[in-house]
Amino acid sequence: MPGKSRIIFHIDMNSFYASVEMAYDPALRGKPVAVAGNVKERKGIVVTCSYEARARGVKTTMPVWQAKRHCPELIVLPPNFDRYRNSSRAMFTILREYTDLVEPVSIDEGYMDMTDTPYSSRALETAKEIQSRLQKELLLPSSIGIAPNKFLAKMASDMKKPLGITILRKRQVPDILWPLPVGEMHGVGKKTAEKLKGLGIHTIGELAAADEHSLKRLLGINGPRLKNKANGIHHAPVDPERIYEFKSVGNSSTLSHDSSDEEELLGVFRKLAASVSDRLQRKEVMASKLFIMIRYADWRTITRSTTLRNPIDQKNDILKEAEHLFFKHWNKNPVRLLGITGTDLVEKEQAYKQLDLFSFNEDAKDEPIQQMMEKLNKKYGTKLIRKGATLKKEESKTKGTSFNKDFFQDEKKS
């Protein structure tokens with residue numbers, strides 16, 4: 001993309017939940033602190049922990065009992081989301097004093113485009129000032145990455161924690177990023193890293209030099225995007241309106257009673273797949289990644305995902321992927337809630353399906369029927385026409401809710 005080089009900051013608050021608790025209670029400072037989902041039960045999971053706790057071997061997602069074994073003096077606190085949201089709002093208020101182009105990414109991190117601001121000629125000094133203000137005014141530590149694009153800024157902010165400021169220029173990518181394991185690259189999860197290793201790609205540098213067609217076959221449209229990022233190329237703008245957009249489309253259903261009945265649970269998934277499919281089609285987008293959520297009777301919650309070779313929006317495709325994930329990861333214990341979410345959305349007209357002969361014949365055969373059913377159901381009600389498999393166990397046993405992130409809803413209101 002032609003034009004002058006941009007100046008992008010990525011602000012990442014350090015151990016945010018634990019830091020907020022320390023800000024509210026000075027007696028906690030300097031002590032090993034963890035915030036856990038269920039403090040009273042030993043099987044609760046650590047959501048975040050202070051650096052003092054990390055130094056003693058405590059890690060995020062670690063069960064509380066295990067964390068206590070590593071650090072017997074660990075102070076475990078329940079989450080206080082009102083407190084975290086208030087601190088988040090205060091943090092973003094400070095950031096917006098420097099530029100209107102602030103893009104919140106989550107409750108504790110965001111991007112700033114400083115290119116056309118009075119601060120562009122003294123980026124490092126401004127970053128130090130922002131970091132100092134967050135520490136003094138909110139008592140919250142942060143790390144800041146400075147780079148010509150969002151991807152590099154994010155990678156830079158991860159390099160020095162806590163209280164780090166890192167400048168990462170595109171010309172430094174070969175020396176600084178390329179030697180790193182590919183799994184340390186932003187946007188590459190554990191499963192993607194394993195797939196890349198199957199191609200002999202172990203470092204970011206090897207990804208940067210990889211064959212684009214091989215990456216596309218392996219990871220779909222995300223493959224070439226990751227290669228660009230590995231080469232320091234990322235043109236996405238800092239977009240303050242991005243939080244108002246649907247980053248995902250999903251629904252969850254809470255069962256009226258805890259159940260381990262397979263047919264009943266599959267019935268819930270059928271309804272969820274239909275709902276997600278309908279919403280994707282109304283928005284004229286398709287999902288490149290699918291998540292399921294399983295919440296057990298003891299409130300332990302897991303999410304599992306799959307990256308799709310081709311984007312999908314049809315109910316049957318969504319259901320097939322959701323069922324596969326469910327039976328792969330369900331431990332047979334009673335379930336309280338199920339959810340399906342499609343993410344990595346792409347516009348329908350930009351998406352394409354690489355069909356083999358079998359799937360082409362199946363799609364060609366089903367498409368007129370699917371379209372007729374969708375039109376009639378939209379006109380006369382969603383229960384007018386259904387396939388035989390969906391008729392079984394149709395009694396209403398669930399309460400539907402949409403997935404939403406409280407933080408993004410909160411940002412929209414503010």
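Using the three backbone atoms N, Cα and C, a Cβ is placed for every residue, glycine included.
Computed from a predicted structure; not experimentally measured.
Feature annotation from Swiss-Prot assigns active site to GLU109; the stated evidence is similarity to another entry. According to DSSP, GLU109 (active site) sits within a strand segment. In sequence order, HIS10, ILE11, ASP12, MET13, SER157 are the residues of the chain that are 6 or more apart from GLU109 (active site) and have a CB within less than 8 Å of its CB.
Under the heading Mg(2+) binding site, Swiss-Prot lists ASP12, ASP108, citing similarity to another entry as support. Less than 8 angstroms from the CB of ASP108 (Mg(2+) binding site) sit ASP12, MET13, PHE16, SER88, MET91, each of them six or more residues away in the same chain.
Residues or ranges marked as domain 'UmuC' by Swiss-Prot: 8-189.
The region 'Disordered' annotation in Swiss-Prot covers 391-414.
Note: TYR17 (site 'Substrate discrimination') has non-local neighbours VAL35, VAL47, THR48, PRO79, TYR84, i.e. same-chain residues 6+ apart with C-beta under 8 A of its own C-beta. Annotation comment: Swiss-Prot describes TYR17 as site 'Substrate discrimination', evidence class similarity to another entry.
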Summarise the model's confidence over the domain 'UmuC' (8-189) as a mean pLDDT value. 94
DSSP on ASP12 (Mg(2+) binding site), three-state: which is it? strand
One finds that other Cβ atoms within 10 Å of the Cβ of ASP12 (Mg(2+) binding site) number exactly 22
